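To start, the structure under review is shown below, and the notes come after it.
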Amino acid sequence: MVKSHIGSWILVLFVAMWSDVGLCKKRPKPGGGWNTGGSRYPGQGSPGGNRYPPQGGGGWGQPHGGGWGQPHGGGWGQPHGGGWGQPHGGGGWGQGGTHSQWNKPSKPKTNMKHVAGAAAAGAVVGGLGGYLLGSAMSRPLIHFGNDCEDRYYRENMYRYPNQVYYRSVDQYNNQSTFVHDCVNITVKQHTVTTTKGENFTETDIKMMERVVEQMCITQYQRESEAYYQRGASVILFSSPPVILLVSFLIFLIVG
């Protein structure tokens, strides 16, 4: 009877050793550091302009042919035919102006795996397609090359965001793409929704992009470290030696 019991446990241990329990995860590749020289986003805007232009229309300083807070052509404060978060022609998402309710688009589904992985760092932002809102940071002290701009930044830094929007790092191949997406959505959200059309100048936009870029780099580093730690823990507890040890302890307790 004892030999049969021991033989069963040996069979279980043998199967556990040859089970493929390794965890295969795609890990983000490390990117470059802050201020490594030159633009890391080729094709993003004209020389001397901002590095994070929207996908269509004018630049951050003059969207849709209009100035900040100007109704002609649609400014950030008074967009043409509907505000931020509303389609052209008025109405909220799913209403589409004169469209009927049956034509309402389906709501985006948030990937709960990504939400759970980043729950400690921020909360999911409703209406932004699964973006997370990072924790508040101290605005970095940045030098812009001349005393006039440095003084302007110190006097107006409170107008710039101190939190960034981002997605889980496992959705990106490297730091550059994470930071690019993070800067775009954060600046857009801040200039359109948070400040409700505050009249930002081109200098404000340039400084805001620099500030947000550095905060996005910091956010990426935090998320990458947490991501690797979670992955290492899962791999450790799913490795064959650990399973063997746990099985042996169970054998001693049961036997």
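Note that Cβ sites are derived from N, Cα and C of the backbone, with glycine treated the same way.
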According to Swiss-Prot, the disulfide involving C182 connects it to which residue among C148, C216? C216
For N184 (N-linked glycosylation site) and N174 (N-linked glycosylation site), what Cα-Cα distance in Å is obtained after rounding to a whole number? 16
Just to confirm my parser: what is the rounded mean pLDDT across the region 'Interaction with ADGRG6' (25-41)? 45
Any idea what the Cα distance is from N174 (N-linked glycosylation site) over to N199 (N-linked glycosylation site), rounded to a whole Å? 34
